[in-house]
Structure formats: C-alpha cells, structure tokens
Amino acid sequence: LPSPIPCSLTQPVTPDLLVSPSSQDGDLGSECPEDRGNWTGRLDFLLSCIGYCVGLGNVWRFPYRAYTNGGGAFLVPYFIMLAICGIPIFFMELSLGQFSSLGPLAVWKISPLFKGVGMGTILIVSLVAIYYNMIIAYVLFYLFASLTSDLPWQHCGNWWNTDLCLDHHVIKAGNTTFPINTTNTVSPSEEYWSRYVLHIQGSSGIGDPGRIRWNLCLCLLLSWTIVYLCILKGVKSSGKVVYFTATFPYLILVMLLIRGVTLEGAWKGIRFYLTPQFDHLLSSKVWIEAALQIFYSLGVGFGGLLTFASYNTFHQNIYRDTFIVTLGNAITSILAGFAIFSVLGYMSQELGVPVNQVAKAGPGLAFVVYPQAMTMLPLSPFWSFLFFFMLLTLGLDSQFAFMETIVTAVTDEFPYYLRPKKASFSAVICIALFLMGLILTTEGGMYWLVLLDDYSAGFGLMVVVITTCLVVTRVYGIKRFCRDIHMMLGFRPGPYFRACWMVLSPVTMMALLVYNIVKYQPSEYGSYRFPTWAEVLGILMGVLSCLMIPLGMVVAVLREEGTLWERVQQASRPTMDWGPSLEENRTGMYVASLAGSQSPKPLMVHMRKYGGITSYENTAIEVDREMEEEDEEESMM
C-alpha cells in the first residue's frame with residue numbers, strides 16, 4: 001500500500017526559523033490531521049469505550065461461564081486475569097492510538113515490517129462485523145415480535161409447533177392429575193426460535209442453506225441502515241449516539257434486576273450462580289476460561305480501542321479511562337449475572353426442574369430461555385420488549401466500533417482520496433458487508449453464523465495481540481514506548497505495567513493460544529456436526545489473518561534497499577514521520593523529524609513558536625536528557 005503523502009508536501013513549507021511569533025497560529029487551521037476529526041464532547045471517548053466493551057457477551061456469556069467454572073470462586077481467576085492480561089493490553093492499545101492519532105493500519109509506521117498485523121486485524125474485524133450484525137437482526141426480529149398483547153412464543157398450537165411442544169401452563173396443571181414426562185418435549189420458545197425465526201427445518205446442513213428468510217433479511221437491512229446512519233459522520237455522530245446506547249442498557253439492567261430478585265425462587269438461581277466451589281481453582285480450564293472471558297469482553301486486538309483513542313487530544317488521561325472502562329466492564333458482567341440468574345431461579349421453580357437444566361449460554365439464553373421466562377411474568381410483552389431493547393443497545397455500540405475501525409484504517413491509508421468522501425466510503429463498506437451477510441439470513445444461516453463465531457476471532461486474534469505486544473516491547477523497545485507515554489501523559493508507566501507488557505501478558509496469551517490448539521473441538525450446533533470441508537474453511541479463516549503478518553513482512557522488505565538483513569533492520573525501524581500527528585505535540589526527540597525544520601535547536605524554535613515552555617514540553621526536555629545520559633552510558637560500556 002502506498003504511504004500517505006506528508007501534509008508538508010501539499011503546501012509551501014516555511015522554515016521554522018522564518019516564522020515570526022505573531023504568525024504562530026496562522027497555519028494551524030489548515031493542518032491535515034484536523035480533517036480526520038476528533039471527539040466533540042468530553043465524555044464521547046469514555047462512553048464509546050464503555051459501549052464497545054460492554055456488549056452481548058456480558059449478558060449471555062459471563063453468567064454462564066461463572067456458574068460452570070466454580071460460581072463465586074470464578075471471580076478470583078477472573079480479576080487476576082483482568083490484572084495480568086486485560087488492563088495492560090487495554091492501556092497499550094489506547095496509548096498507541098492516542099500517541100500516533102492513526103488507525104490500526106497506519107499505526108504500523110511504528111515498525112513497517114509488521115504492518116501485516118494491521119491487515120490481519122482488519123480481516124478479523126470485517127468477519128466479526130458480518131455475523132455480529134446478524135445477531136442484532138435477530139434481536140430486532142424479537143423486538144418487533146414483542147409488540148403484541150400475547151407473545152407469539154407463549155403457547156403451542158401455532159403452525160410451526162410440533163407434537164413435542166409443551167408449555168409450562170400444561171406442566172403446572174398436570175401436577176393435579178398425572179405426572180407428565182417432560183424429557184422428550186420442547187418448549188414453545190425453542191420451537192419459535194428454531195422452526196419459525198430460523199426455519200432451520202428447511203436446511204439439511206451448512207452445505208444446504210435453503211431459501212432466504214425475507215423477514216430476517218429485512219431485519220438485517222434495517223440493522224445495517226441504523227449502523228450506517230450512526231457512523232455517517234464518523235466519531236462526531238457515533239460519539240453522540242453512545243450517550244444513549246452506552247447508558248440506557250444500565251437503566252434496563254437495573255429494572256430487570258429489581259424485577260428478577262422480587263420473583264419467587266429468585267434466590268435459588270442467585271445461589272446457584274454465586275455459590276463458590278473453590279476446588280475448581282485447581283483446574284487449568286477455569287483459569288483459561290477466565291482469561292478468554294477477559295480477552296473477548298474487553299475487545300482487545302480488534303482495533304476498536306486503538307481507533308477510538310486515535311481521535312483523542314494528545315494529553316487525554318487514558319490511564320484513568322483504562323481503569324474506569326475495564327473495572328466498569330467487570331462489574332456490569334457480575335450485575336448481568338444477578339439479573340439473568342434471578343429469573344432463571346424463578347423459571348426453574350415454575351417448571352419444577354433444577355436451575356442447571358434451564359441455564360444456557362449464547363443465543364440459546366437470549367432467544368430461547370429468557371423469552372420463555374418472560375412468558376411466565378405478568379405484563380410479559382413489556383418485559384420482553386425491555387430485554388430485547390437492552391440487547392439492541394448493547395450490540396449496536398460494539399458494531400459502531402467495528403465499522404469505525406474498518407473505515408478509519410482504510411481512510412488513514414488514503415487520506416487525500418477517501419477522507420473527503422468518508423460518508424460514501426462508509427456506505428460502500430456497509431453495503432458490501434450486508435451482501436456478504438445475506439447467507440446468514442437463509443434457512444441454514446445459523447450454521448454459517450456458528451462457523452464464523454467459532455473461527456473468525458479465535459487463534460488468529462490471539463496471534464495478532466501477542467505479535468503487537470512483542471513488537472512494541474522488543475522491536476520498538478519498552479524504554480522508548482514508556483518515554484512516549486511519559487511525553488503524552490506526563491508520567492512513566494510503573495513496574496506493574498512494564499512487567500505485564502514484557503513477560504506476564506504475552507506468556508499468558510501464548511498459554512491461551514496453545515490451550516486453544518491442544519483442546520481444539522470441531523464446531524457443532526445442537527446435535528448437528530459440521531462436515532470436514534466446513535471445519536477446513538473455518539480453520540482457513542483463522543489462518544488467513546495470521547498469514548497477513550508474513551505477507552506484510554515480504555512487502556516491507558521488498559520496499560527497502562541493501563542486503564536482506566539491512567532491509568529487515570530498516571523495515572523494523574519507525575518511519576521518519578512516526579510520532580504525534582500535530583506539530584505542537586512533536587516535542588523532544590520527535591521535533592527533529594518535523595518537515596521543514598531547519599533549526600540546529602528545533603525544540604527552542606518549537607517553544608518560541610507555540611508560546612514558551614509548558615509542563616509537557618518540560619517533560620520532553622527531561623526525556624531528551626535521559627536519552628543523552630543513556631547514550632553516554634552505552635558508549636562507555
């Protein structure tokens with residue numbers, strides 16, 4: 001990919017020594033980075049990050065993972081893994097984005113040899129965006145279906161129901177006459193999901209998708225339309241939408257929680273969810289599950305955090321924001337567990353079965369179990385509408401982040417062609433991903449969705465995050481990275497962050513990767529086993545994102561000159577224009593690389609031009625002094 005033309009080449013360059021103090025603000029208004037846009041409100045960035053991290057997984061994956069891995073005892077490995085893997089990698093991504101003001105592709109000016117990591121990230125995010133929006137389409141379908149006086153999955157007797165259908169009213173009535181064998185029966189909500197919404201009986205498997213379900217297709221079109229309208233003006237529009245989509249789910253969650261804990265039998269479910277089983281902590285599986293939950297819940301490696309941070313001002317306090325978002329995300333997951341399991345406890349009491357027979361994870365919880373529980377409540381359409389509206393708002397802001405990542409990454413590569421046409425380019429991306437997602441709206445679409453979910457962001461994502469961590473700490477250098485953060489935030493990361501970046505985080509993620517490969521299990525959906533060709537296709541999806549890394553290396557090496565080793569060394573160094581994007585932020589070691597700077601003491605000219613020494617420029621002087629001292633020590637050795 002051709003590198004973007006530096007801003008200085010598009011306009012006449014005035015050497016810094018010739019700029020008078022009176023004209024110090026004259027050319028700031030026409031700087032290119034301003035075209036990129038920034039967050040317009042103080043809370044835009046923070047709420048966007050919260051909305052991105054707090055998604056569907058907090059509601060349908062965490063509670064189930066907690067109860068299957070030791071209940072309350074699961075919180076021990078969960079918070080340890082948050083400290084080792086979650087917080088440090090989260091802070092690293094935010095720091096890279098904010099320091100460079102670049103998207104996930106252009107940020108690899110830090111080491112062009114590894115630009116393939118960025119390409120791998122974009123491939124993963126594109127695949128995830130395709131199926132994630134299909135889940136939002138299912139939510140919209142159920143949302144519209146809740147706008148009735150009687151929920152359609154409440155009773156048997158509809159055209160889609162079979163003879164196996166048995167609703168809970170019959171079970172309760174059956175207690176007075178004769179015991180009913182419920183082992184071979186199916187709930188109305190399960191048949192509504194599989195036989196009406198998915199119409200999965202029309203497909204024999206993944207190789208036979210069947211016909212398009214037009215009602216699902218229209219819901220998918222609507223979800224892509226909503227996403228496009230919200231990202232139409234980039235972070236200026238999505239930054240405002242998240243004020244609603246990031247906060248409203250909490251209001252609904254609290255309402256569902258209060259309703260849940262006041263139900264009869266609720267404590268039975270909560271006790272089941274939280275009773276600690278400390279013997280589970282001796283199992284490696286529990287620790288791996290905790291790390292996986294942190295990894296996917298915070299959304300590290302998808303480029304969304306880096307993209308959002310790239311629209312920050314240079315001195316935004318991302319250190320504070322890191323702790324607010326990561327701890328807020330963890331607390332939300334735990335709260336969601338109470339809301340879900342209180343209702344499941346009530347449901348188990350109503351049905352007269354143990355909680356573990358009604359508890360499920362993933363789409364099974366959102367589209368089968370919870371809707372069935374809703375039918376047992378008074379005002380069931382109201383509670384059903386609230387639940388699916390919460391899922392809609394949870395899913396949308398995560399989808400905004402995926403789309404913003406793709407659009408930002410490509411427009412940062414071709415800023416002069418695409419930035420003026422960002423709205424049109426966003427429309428092209430949305431239409432392309434919608435068309436690719438049409439197979440998910442067929443009768444066998446759920447098989448394709450499971451395949452994408454299992455493989456698109458599996459080991460490929462882990463390879464991307466491990467490589468990023470190693471490149472920043474080993475190739476770019478941990479000292480230099482810490483200096484950059486010092487220059488940006490005014491303080492240096494402590495030993496905790498350095499230890500995690502250097503050793504703990506990469507080692508933990510490598511253990512995750514090895515575990516995933518060793519414990520590999522073929523995909524399945526219910527009793528359906530995927531054919532070999534589908535497994536191979538899934539594995540190729542994961543491998544393709546990894547192959548982008550060596551492919552990017554080959555391209556970077558071919559662009560350099562000299563012997564092979566010299567080319568590798570040159571390609572692994574940061575480019576000349578790497579650093580803060582705005583001229584006033586390029587202090588210390590970065591000021592010498594400013595286009596047009598002809599001063600023997602560029603920092604002094606910089607200070608004269610931008611009005612004296614600020615606290616951050618003071619930091620830059622300190623950083624320069626430390627670098628000189630280190631260079632002297634190395635030369636003496």
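Using N, Cα and C of the backbone, Cβ positions are placed for all residues, glycine too.
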For Cys165, which disulfide partner does TrEMBL record out of Cys156, Cys217?
Cys156
Using the centroid of the Cβ atoms of Gly51, Val54, Asn58, Ser297, Asn329, Leu394, Asp397, Ser398 as reference, list every other same-chain residue with Cβ within 8 Å of it (recorded Na(+) site), in sequence order.
Ile50, Tyr52, Cys53, Gly55, Leu56, Gly57, Ala246, Pro249, Thr332
Taking the transmembrane segment (75-96) as the first stretch and the transmembrane segment (290-311) as the second, find out whether 3 or more Cβ pairs fall under 8 Å, excluding pairs closer than 6 in sequence.
yes
How many other Cβ atoms sit within 10 Å of the Cβ of Asn329 (Na(+) binding site)?
25
Under 8 Å, at least three CB pairs between the transmembrane segment (382-402) and the transmembrane segment (538-558) (pairs 6 or more apart)?
no
Could you name the stretch, out of 117-144, 290-311, 323-347, 496-518, 538-558, with the greatest number of CB pairs under 8 A to the transmembrane segment (423-449)?
117-144
Tally Cβ pairs under 8 Å between the transmembrane segment (496-518) and each listed stretch (45-63, 241-258, 290-311, 323-347, 538-558), then give the stretch with the top tally.
290-311
Determine which residues of the chain contact the transmembrane segment (538-558) at the Cβ level, with the cut-off under 8 Å and only residues 6 or more beyond its ends counted.
108, 112-121, 123-124, 127, 451-452, 454-456, 458-461, 463-464, 467, 523, 530, 564, 567-568, 571
As a whole number of Å, the Cα atom of Cys165 (disulfide bond) is distant from the Cα atom of Asn329 (Na(+) binding site) by 38
